[in-house]
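In what follows, a single structure is set out as structure tokens and then discussed.
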Amino acid sequence: EISDGVVKIGLMSDMSGTYSDVAGEGAAVAAQMAIEEFGGTVAGAPIEIVTADHQNKADIAANKAREWADTGQVDAFAELVTTSVALAVFEVAKQQNKIALVSGSASSPLTNEACIPTGLHWTYNTRALAVGTGSAIVKEGGDSWYFLTADYAFGEALERDVSAVVEASGGTVLGSAKHPFPASDFSSFILQAQASGAKVIGLANAGADTVNAIKAANEFGVVAAGQKIAGLLVFMPNVKSIGQDVAQGLQMTVSFYWDMDDETRAWSQKFYEKTGKMPTGIQAGTYSSVLHYLKAIEATGTDDTDTVLAKMREMPVEDMFAKGGTLRTDGRMVHDMYLAEVKKPSESEGEWDLLKIVRTIPGEEAYGPLSESTCPTK
Amino acid sequence: MTDLLGFPPQVLFGQLLLGLINGAFYAVLSLGLAVIFGLLNIVNFAHGALYMLGAFATAGLTTYFGIGYWGALILAPLIVGAIGMLIERFLLRRLSGVDHLYGLLLTFGLALVIEGSFVKLFGSSGLPYAPPPQLMGGVNLGFMFLPWYRGWVVLAAVVMCLVTWYIFEKTKIGAYLRAGTENPKLLQAFGVNVPLLTTLAYGYGVALAAFAGVLAAPITQVSPLMGSNLIIVVFAVVVIGGMGSIMGAIVTGLSMGVIEGLTKVFWPEASATVIFAVMAIVLVLRPAGLFGNAT
Amino acid sequence: MAVMDNHELGGQHLSEHIEELRLTDVHAYYGESHALHGIDMTVYRGELVTLLGRNGSGRTTTLRAIMGLIGHRTGSIHIKGEEVIGMAPHKIAHLGVGYCPEERGIFASLSVEENLMLPPQVCAGGMSVAEIYEMFPNLAERRKSQGTLLSGGEQQMLAMARILRTGANILLLDEITEGLAPVIVDTLGEVLITLKQRGYTVVLVEQNFRFAAPLADRHLIMDHGHIATTVLKDELEEKAHVFEEYLSV
Amino acid sequence: MNQSPYILETEGLTKGFRGFTAVDHVDLKVKRHEIHALIGPNGAGKTTVFNLLTKFLTPTSGSIRFNGRDITAAKPAEIARMGVIRSFQISAVFPHMTARENVRVALQRKLGTSFQFWRSVKTLNRLNERADELLDMVGLSRFADAMVADMSYGRKRALEIATTLATEPEMMLLDEPTQGMGREDVELVTELIRKVSAGRTILMVEHNLGVVSTLCDTITVLQRGSILTEGNYAEVSADPRVKEAYMGKAA
Amino acid sequence: MNTKLAYLIAFALLLMAPLVLYPVFLMKLLCFALFASAFNLILGFGGLLSFGHAAFFGGAAYITGHALKVWGLPTELGILIGALSSGVLGLAIGLLAIRRQGIYFAMITLAMAQMVYFFFISADFSGGENGLQGVPRGSFLGLVDLQNNTAMYYFVLGVFVLGYFLIARAVHSPFGQVLSAIRDNEARAKSLGYDVERYKLLAFVLSATIAGLAGATKTVVFQLASLTDAHWHMSGEVVLMTLLGGLGTIAGPAIGAGIIVTLQNTLASGPLSSWVPVVLGLIFVLCVLAFRRGVVGEIQALIRKSF
Ligand SMILES: Nc1ncnc2c1ncn2[C@@H]1O[C@H](COP(=O)(O)OP(=O)(O)OP(=O)(O)O)[C@@H](O)[C@H]1O
Ligand SMILES: Nc1ncnc2c1ncn2[C@@H]1O[C@H](COP(=O)(O)OP(=O)(O)OP(=O)(O)O)[C@@H](O)[C@H]1O
Ligand SMILES: [Mg+2]
Ligand SMILES: [Mg+2]
């Protein structure tokens, strides 16, 4: 019943570039951990994982994905950080009818206009980030916003999503400055944001851009003067590289934090022993998506795409990452998100004790109803 | 309070000043490139990676040896300069006598190796670094809040530029360097130790890059890829100034910072390309660059 | 100092006994092509020796080999008693050797004056700048101009003047009269006579036999990368056939 | 065709370099089918005049007429295509091509196929015969297939002349064609110039008075950028000013 | 004679290759081989190091992608438009850059390519960092469905052979002769009556057009155009390919491209997967230091020595 007698997962990530910290080899380790939980076999067949470094290049990803699907007996793709890669692999997955488990990419279109029947978007998306951070901050009184937006599709999407949330919650958006991507100096944009008089400066960017913007804001005394910084896509490694004393008080939406409950702590400890780092949400999400996929195979006894997909949709996602998560027909995995805040250095008890969870955002609220999805095949 | 082109004058002054500060980085970086190009006739593609090394050395000195910013300001350029001298001595020197383009290619490869290794060693997110306590805070200039640290950056960079300019244009060493650029063999036949001169010049250029790295560490993310995109802009600055021209590098560096700064106000989307556009215009009008001599 | 010594000793007379330059079985290669095939020659202090020969006979290469400017060379070269075959060019220069290359090698990024002042002093007793400007008034006039903007002949003067300043007392001169107006050639001839009187040792590569003949103590005739024969100053008449044979004069 | 006896005329030709006037109101007239020499002390401006005539430099003022046509504003390559070809004071060859290919590059322009990247290089083989002839003329037939980079200086000069001849110029400008050559070669080249001067006009800069006296019909002496005197060799060499400024004892 | 035989063997191997090797990989290889060969025309034979060829490769990729996906043009026409627009872009950049040589030329092309890159990041039609995805492969002359990998392969092979021989011919043409003369001594070429800038410009435009052809074809193969194609790293990679294979040799760049693409592909999923940039960098360094003539150049030298 298992094609080629083996269940093979092709995990593709950025192993050497910008995203190698938040996804990369750690994601491969996480997937491996899911396989180990099955003892290496599922439905009587061995489970194998192959990995590749797509180097953030869509053509390498497309090439690998095609090759794996055509000649490598790969049954599902996993991780897929960077939207261009995820989209390229979606194209292959659609043609070859393979399951694509997206964990790393944040792009909302993956479950909207660019959705495919076999594509599952697991960890987070820009909308969830917007809802978490946007509504929480407006609720606390941060009702006028100014955005620093990276001048490319992702930045614009993020700004659009957050603006909608802010306005829906009764706040106003005073304006935005588009900065080049990547930009090394933010002082000029910070000054513009300062001059706008907005209560909140929203950073619709990611990675080094976010870090640089926050460092500049700190230097120019933005927070001291009463404005608030909202990082819309911040990962733990980013917080570490900003430094806790600068980042303290920063609020952000996360899909996962290692120190949430006993389960996450136990799993993260295991992960830490293998990698020397605590897991990020992308890495934990990769674990969850692979685990759920294997569970469905175990339950159905086959690796046939349609059967497995149906089973995955039918079963709730239940593991240390997601509690009672559900898979929608547009491919969205709906699960709770969390609003977290960076701890003060004085509150922190160790190198990795960086965040505290201030609010749980129910999955429905974070991802919105299925009716809002523009996915044609939903 | 009248508006200038729709912006209150404070904003404009502030942006001008910030542009100048950024220009200071361009100036120091392009100066290093100009020095290296001057003597070795090599476009040092590894300049961005060495700038990054300077910033990492700064962060590393604090993390691992407890040496603070001021110590790093001296030590990091020395360390990285020494690395540069090793690179020159064992790699670049082997290229003497072949087309200078090979130097560009070699340093391009080196940049890949250095940056790639650092991603592996330190992760892509990099290390945290804060400004020295003496320069925390800032002063309100009326039209803007100027962090002390930014003020220091301009000062340090300008002093460094002037010192370098003096060495190269006004001393005997400078004459050797210029002559060595053209015909190193003959200069050596006159009794000048050209190989040593070359090594030192490369070391100096690299140390300038590292110096810029130290200045940058407290204000930008200290990460392995921090120099890889910046370097292209700096190349454009050098071309505008006229390659190998020390004065050109300094003046163009500062003024490109200002132009870029103003673009960020009036047309932020274009701020990434404005320097390249200026370059195109300059090349049409003066093919050798603003300060280059047409030959 | 060295010049003073020579003066006191009366240069000319003792010169034949002090070896300044000795080449033994020197071979030189440009890549795979073998340009010098075993050069043996000795030059004594205070002597002026010419290297004559057809184009491509290896005269320039000999000078370059002495200067250490040829990547691949074998054999033995002694300058003032020191073996220099493995030595870097800048060290050789500091033994008191001045080199005036065939292509002149004026630096474009330096002014005339900077060009003149560029080579470091290698021995005491070089000419002063004033003396040089007196000898080559053209240079004084154009001293602020960019080196390579001089006319061909002016550049030649500058190349020569440059090494007179350094105090080098072994001069390797490659076709210095090339492209010069006859008046300047005359001046140069006088300069060489003065230098000889001061005890300088000169190796002169020349095409202009009329210029070289009255100046030289010996003529070394080169052919296909080796020294074919030597003609002494006083043998010029009787050995005319040698010139016929090798230079087709 | 213009029937003026002069093929090339300049009027008030002047070139200044930042305050220094290298060429100062020169009225040079070169008669058709003559060998005309330009001599003068170093720095007199001879090479500069050449550069002006071939538009490698732009005159500060003055005009240049070739065959009655004003060429003051023409570009170097245009001038070359009108039939005025120059050689350089410092040897100018294509070092990474063979001697034959060097000459062929000059020959092929007339075929008018030089922009045709879709044609085979074999279409140029019909020029080989003429190329070999030209090489033979300058005594380089043995080196037809040799890489020019490996040739000695003198041979490069000879090759340069062959290449210049290949374009069959109506007028040749030679800047010190015998510089750096042995006597034997000097004679060879002198003969060569005489041979090719038939039906052509030659303007040359030369320091070798032997060559000038045997070869040239008219001599213009330049000093400090202006014309000092003009005439045949006997006239010029008898002029005491020329003796003092240029010829010295040699005259 | 020998080269003809070698070409015949190579062609036969290429015809049979998809039986053994994965066709998509082979197509990628061919596209890069063509790209490197086009690049070599300007570096190896024109003596000008362009550090901005990614602009032509990536530019054509986007234009073709847009033409096929949005305008719905037939595949061949889409590719043609992509290649031609790269030619036009080459003309624009060339007019500016051609006036300088050597390192200046490299810097100018790099800067201009960077502008093109930023344009594609922020332009609407190019999809920002997501790139253009889902470009239809269409069919060849409306007859053969190119969705089939094997059919697509032979189509790409055809494009490659066409482009490759155009380059080889250009090198061995009257134009090629003038080009190498200019590379050797520009002033002399000028004095012989050649408008050197026009020759260099033509070489540049030719090179840009064929680089565009390669980029356009690649878009059809992978059905996407992305920023990587236009990024300056791509310009660096093509230099590496050319250098590794042998600068100024006709076949070298294609072979160099083959090696690099194979390496990237193999390394991507091996134990060294996270070291790809470092490995590429090391090859660069090694090549420049010890292996300057490249694979083909070294082999030629070896043959010359032993005969
Ligand atoms: N850079 C070089 N590369 C290869 N071969 C060279 C090089 N320079 C000179 N040669 C060769 O070495 C031989 C000797 O040349 P050299 O320049 O020493 O001759 P020369 O006697 O000075 O003649 P000339 O009057 O032409 O200057 C010649 O055959 C020449 O072709
Ligand atoms: N580009 C330039 N800029 C400034 N001065 C120049 C330039 N070119 C030439 N000169 C000056 O113009 C004068 C004439 O130079 P030119 O080269 O024409 O002399 P020439 O007569 O050819 O001399 P020679 O016989 O020595 O070659 C010289 O004094 C020279 O320094
Ligand atoms: Mg010589
Ligand atoms: Mg001259």
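Just so you know, glycine gets a Cβ as well, placed from its N, Cα and C.
A TrEMBL annotation is a machine prediction, not a hand-curated record.
Residues annotated as transmembrane segment in TrEMBL: B:12-37 (among others).
Within the same chain, residues 29, 75-77, 79-80, 83-84, 110-111, 114-115, 118, 122, 127-129, 206, 209-214, 216-217, 220, 222-228, 230-231 sit at least 6 positions outside the transmembrane segment (B:49-67) and bring their C-beta atoms closer than 8 Å to a C-beta of that stretch. Per TrEMBL, transmembrane segment is recorded for B:49-67 (among others).
Sequence annotations record features per position, and here TrEMBL assigns transmembrane segment to B:73-92 (among others). Long-range neighbours of the transmembrane segment (B:73-92) within the same chain, counting only residues 6 or more positions beyond its ends whose Cβ lies under 8 Å from a Cβ of the stretch, are 40, 42, 46, 50, 53-54, 57-58, 61, 67, 103, 106-107, 110, 156, 198-200, 202-211, 213-214.
The feature transmembrane segment is assigned by TrEMBL to B:104-129 (among others).
What TrEMBL lists as transmembrane segment is B:149-168 (among others).
Here the transmembrane segment (B:189-219) has Cβ contacts under 8 Å with residues 24-25, 28-29, 31-33, 35-36, 38-40, 44, 47-48, 50-59, 69, 72-73, 76-85, 87-89, 92-93, 129-132, 149-150, 153, 156-157, 160, 164, 173, 176-177, 179-180, 226-227 of the same chain, all six or more residues outside its ends. Feature annotation from TrEMBL assigns transmembrane segment to B:189-219 (among others).
The transmembrane segment annotation in TrEMBL covers B:231-254 (among others). Under 8 Å from some Cβ of the transmembrane segment (B:231-254) lie the Cβ atoms of residues 20, 23-31, 33-35, 37-38, 43, 45, 47-48, 51, 111, 161, 164-165, 168-169, 181, 275-276, 278-279, 282-283, 288-293, all in the same chain and six or more residues away from its ends.
Summarising the annotation, TrEMBL assigns transmembrane segment to B:266-285 (among others).
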> Same chain, outside the transmembrane segment (B:12-37) by at least 6, Cβ under 8 Å from its Cβ: which residues?
Replying inline: 4-5, 43-44, 47, 51, 141, 143-144, 146, 150, 153-154, 156-158, 160-161, 164, 168, 177, 201-202, 204-209, 211-212, 215-216, 230-231, 233-235, 237-238, 241, 243-246, 248-250, 252-262, 264-265
